[in-house]
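Student: Quick one: structure below, then a few questions.
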């Protein structure tokens, strides 16, 4: 009886351990697959290189358009909208990590001038919150509040992303001035082709690593292929591994060249970057401009009145 209880206890512990292990795997895998902006955050101190190139282009190789819209000028300590548009054909499907086809996701990085930052929730109006949807923005670094990243997000719902931005106040931030500032943006649709470690994803074309004859093609049980090539130079065998997702373009017995595509290129997405300018406007300048315009209008009114008065005097003198 005691042995039976011991066996049941051990069995229960093993079952719990397996369950916990599965849960950890699922959670970890989900966090990695759904958090690709963290690749740039972990690998680069600044997402914009000295050349002006945004580092997301290192993984998303295809070039696609992106657009940003901001106000021409804003006042200090004011919340405004920065609208990023990532256009693409909504009918397109991308290759997922499991080799199946699915909808495209989108992501973006917004690089603001120093002092500008994501608006706190209590400063965002209900109208702007409705435009934002359920997106969760985050800072690129805890000490870089002017750089904001978002994604991945469902592309069909968020091909237009509204960032709520709070402008700085030079009265409280002495390193901020009333000037014209640049804003940079990068946006992608779809998965990348290269991982940060340099390895390929299954969302890209695979080329032959050797010239020769395709001697054997083995379709793997879980998807993908093993392609054996007899090297043309010395006859040794080279095995190229193709993951599930890309479509095979070669067949057994075919003669191929070095770097010849073995698969199609399944990528339908891409990355783009753009920029805009915004003026941090001094309220005193606006007041001065309004005062100047008012004085000009008053001067014109007085001039017209004076002219009419002069005409009346002339008419009176002519009557006598």
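Note that Cβ sites are derived from N, Cα and C of the backbone, with glycine treated the same way.
Pulled these features from Swiss-Prot for this protein:
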| type | residues | note |
| --- | --- | --- |
| SIGNAL | 1-35 | signal peptide |
| BINDING | 36, 56, 59, 60 | heme binding site |
| TRANSMEM | 286-306 | transmembrane segment |
Student: Applying a 10 Å Cβ distance cut-off over all chains shown, what neighbour count does residue 56 (heme binding site) have?
Tutor: 26
Student: Find, for the listed binding-site residues 59, 60, the residue with the lowest Cβ contact count at a 10 Å cut-off, counting only other Cβ atoms.
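Tutor: The binding-site residues 59, 60 were compared, and 59 has the fewest Cβ atoms within 10 Å.
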